[in-house]
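Heads up, the thing below is written out as structure tokens.
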Amino acid sequence: MNGKKLYISDVTLRDGMHAIRHQYSLENVRQIAKALDDARVDSIEVAHGDGLQGSSFNYGFGAHSDLEWIEAAADVVKHAKIATLLLPGIGTIHDLKNAWQAGARVVRVATHCTEADVSAQHIQYARELGMDTVGFLMMSHMTTPENLAKQAKLMEGYGATCIYVVDSDGAMNMSDIRDRFRALNAVLKPETQTGMHAHHNLSLGVANSIAAVEEGCDRIDASLAGMGAGAGNAPLEVFIAAADKLGWQHGTDLYALMDAADDLVRPLQDRPVRVDRETLALGYAGVYSSFLRHCETAAARYGLSAVDILVELGKRRMVGGQEDMIVDVALDLRNNK
């Protein structure tokens, strides 16, 4: 690591939305954001689980609007930057401007790993606003390291100053992560940062994040108690403990994070965020982690196994945004019984 400080990016209040069907109250947001700020994380991402304007029939309606959540977090932080997520085609530059006015200072512009070209307008506008602008290549396991690097180079060209490898499915292992960071490092400018967003579906969220840092990664996403889609993200407090053991600089208070995870976040989980039969199937089959709750609903409705639905979605190589296909797959499986 050469003595550099890691940038710690918390995603409890965005990816964690998936774990409770986007139902954080404003008071939940204030309490969690304040605890994270007191623990000195660098940024706190806030939005519907599917990003700005994700609240919809397809993805699930949120308890509040993105702007209400962002304002609630911005009101209580003194150190951390408020971040948000935007998926082109769901969120617009108008939504981005509103998020900026509400207090967001970092935006991660997210596309499928082979579709970076749809991010140009949003990345350019974010730079015009003066935002810390990040390219976020979702489902990075679905293309080769070399092709991922080409997509990263496109985002860099549009103006992104940091590019993320995003294991949306929790499907990659440490070798997969190393290969992708080496490919990015070979083509990106030295000043362009890289980041890692892990999911814990194969219990490799922390290990993959460590592998990323060993390959020069600058920013690590994690969440309190792993609060996130599927089996969750890399648990923040666990990653920080491991980073301490490795002698890495991160600037955060481990014990404050441990308290926040157990006292504030874990009690909110109506379904435990953990590796179990269904979440393991996500990682094994390579399925978008936020499909979990939708699949469980469909399985209950049609008298099916959620694992069977998830495995079939993996076979069909469904990607984020195709939540509407979950019911189609369930009906196909029921009719073929």
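Cβ coordinates come from backbone N, Cα and C, glycine included.
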Of the residues ASP15, ASP37, only one is listed by Swiss-Prot in the Mn(2+) site with HIS197, HIS199. Which is it?
ASP15
Matching residue for the substrate site, where Swiss-Prot names ARG14, ASP15, HIS197, TYR288 - out of SER55, SER56, SER168:
SER168
Stretch-averaged pLDDT - the domain 'Pyruvate carboxyltransferase' (6-258):
97
At the level of the C-alpha atoms, what whole-angstrom distance separates TYR288 (substrate binding site) and HIS18 (active site, proton acceptor)?
12
Those residues of the chain, 6+ apart, with a Cβ under 8 Å from that of ARG14 (substrate binding site):
GLU45, VAL46, ALA47, HIS48, GLY49, GLY51, ALA83, THR84, LEU85
So how many other Cβ atoms are close to TYR288 (substrate binding site), meaning within 10 Å of its Cβ?
27
For HIS197 (substrate binding site), the number of other Cβ atoms found within 10 Å of its own Cβ:
29
